[in-house]
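Reviewing the structure listed below.
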Amino acid sequence: MIDSEALESERVKLKRDIADLRANLNRKEQCLRELEAAIAAGEDSDEAEESSNDMPTPQTKLTNDDIARYSRQLILQDFGVQGQLKLKNSSVLIVGMGGLGCPAAQYLVAAGCGHLGLIDYDEVERSNLHRQILHSEHRCGMSKAESARIALLELNSHCQIRCHSRLINSMNAMHIIRPYDVVLDCSDNVATRYLLNDACVMLRKPLVSGSALKMDGQLTVYGYGQGPCYRCIYPVPPPPEAVTNCGDGGVLGAVTGIIGAMQALEAIKLIIGLGDVMSGRLLIFDGSSFMFRNIRIRTKRPNCHVCSAQPLITELIDYEMFCGMHATDKDNPLDLLEPDQRLEVKEYHQKLQSQPHLLLDVRPPAEFEICQLPRSINVPLSEILDDSYLKRFAKQLEDKELPIVLLCRRGNDSQIAVQHITNRFPAHSIRDLVGGLHAWTGSVDATFPIY
């Protein structure tokens, strides 16, 4: 018997794939045209840029164009011509051309930073555009570093920009960071934070660190003067299951804009020696109440493994192994359950979906409202962990034969939930849906929305 519903789903999937391929081809062709135009205008290729760590000869005077362009900051008493010259001869490396890196780069280039390095291994996606303001719809599929470079050169063609379209790691970090004066950590993962911290301490580079999640943001400067480094504050990385990035927790684009702009400001202050640097202090921004708090953080740790007088770590290590998580902002898939506690989406669709079962969606209510599987019941992970779900499902839990399936967006929170429920009800059949709703879209129903 022909399953017309399955055939229709496959037809829709193929049509969508073909449309995506055509759109991607158009984007790639547009990107190629822009790159060729940039090269024709005299921009160096990546290979030529990265073949040497030497920065151009320092400039000793401002041009008429400089004076006209930067006049509003030149007239600042604490900035002036000498400040602009320092900025013109400076070099800043931005790691991560996402929600923080884009506004930071934009303001540094606009202010007249002479040399900018951009690092990002990833490509532009549509889900980036609400906060990563240098990218555009027609550059989806393009390297983020290259996309940002195109936008930045339109803003200020006098800035020298190097693109590093790769993942920064223990093998290349020292070589990449060495020629720059200041490093901005605009990444979204713990492993990269430790990597940048250690490399910057070893190379004596100040590290301007920013982060943003949901409606909140933070900013500080590590490894500057007598201030602490990142390891002084966090000598041991958090467990992977305790880490939330903006892909999981969400973020409002304007929040990343605020923090990224402040990272640019701190970099400018470091370069020209303006004001008090945020070393030894942490700026906390609460976007919900629009409150800023400036708190003191601990001083240098005398026995810090990296920045102390007798460091135990004198060369870069394997940071993914050290942190137990990937050095990217992509999903770090958890592996908490035994194979018999996991259920593939195709198996669920073909066998269990038509049988009596309890399907619990452990996403927050806001995410459940976006999309949900038929017959799924929303029970947020927080309710499972505090056991408030027990009264709600007391009757179903009495039936040890009733299969219980838990799902989430990508298959991580559902594993945590299965672990918790299984500890209380070890005799029940409780499984999680591998890969969550993303796997459902990829393997079962191509029309189901992805977010």
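Heads up, the Cβ atoms here are built off N, Cα and C, so glycines get one too.
Binding of ATP is annotated in Swiss-Prot for Gly99, Ser127, Asn128, Leu129, His130, Arg131, Lys144, Asp188, Asn189; the matching candidate from Asp120, Asp181 at the same site is Asp120. Ranked by CA distance from Cys408 (active site, cysteine persulfide intermediate), the recorded positions Cys229, Cys232, Cys246 have Cys246 at the top as the closest. Closest to Ser127 (ATP binding site) by Cα-Cα distance, out of the recorded positions Cys229, Cys232, Cys246, Cys304, is Cys246. The most densely surrounded of the recorded positions Thr60, Cys246, Cys408, judged by C-beta neighbours within 10 angstroms, is Cys408.
Over all protein chains present, the Cβ of Ser127 (ATP binding site) has 12 other Cβ atoms lying within 10 Å.
Residues Gly99, Asp120, Ser127, Asn128, Leu129, His130, Arg131, Lys144, Asp188, Asn189 are listed as the ATP binders, and the farthest two of them sit 20 Å apart at their Cα atoms.
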